[in-house]
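This report concerns only the one structure given below.
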Amino acid sequence: MEFWLSWVFLVAISKGVQCEVQLVETGGGLIQPGGSLRLSCAASGFTVSSNYMSWVRQAPGKGLEWVSVIYSGGSTYYADSVKGRFTISRDNSKNTLYLQMNSLRAEDTAVYYCAR
């Protein structure tokens, strides 16, 4: 059986210019279809739970694609392409945003951004 191996990169951006705002990302890795990966985005300089936070991605040679959002009240929404496979969440005590990605596909290969 043939497997596709793809790199998933993780970086972060903060919308607008604000002093002392930092997003530190971990979790990118080498995966294969059907695998799982969790991306983390640790924030400082603002409170994750008081803002809406999004994940977006950019596949090679393509434009930005919105993936998911979590609002301050906890409501979550997903792009149709990831619904049922990806889960956005946050840990308020760690001020960290997460994206749990399951049942990964070759087309999920992209640069992933967390954004405020």
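Cβ atoms here come from the backbone N, Cα and C positions, even for glycine.
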From the candidates C19, C114, select the one that Swiss-Prot records as forming a disulfide bond with C41.
C114
Cβ contacts the region 'Framework-1' (20-44)/the region 'Complementarity-determining-2' (70-76), at least three under 8 Å, sequence gap 6 or more:
no
Averaged pLDDT score, the region 'Framework-3' (77-114):
97
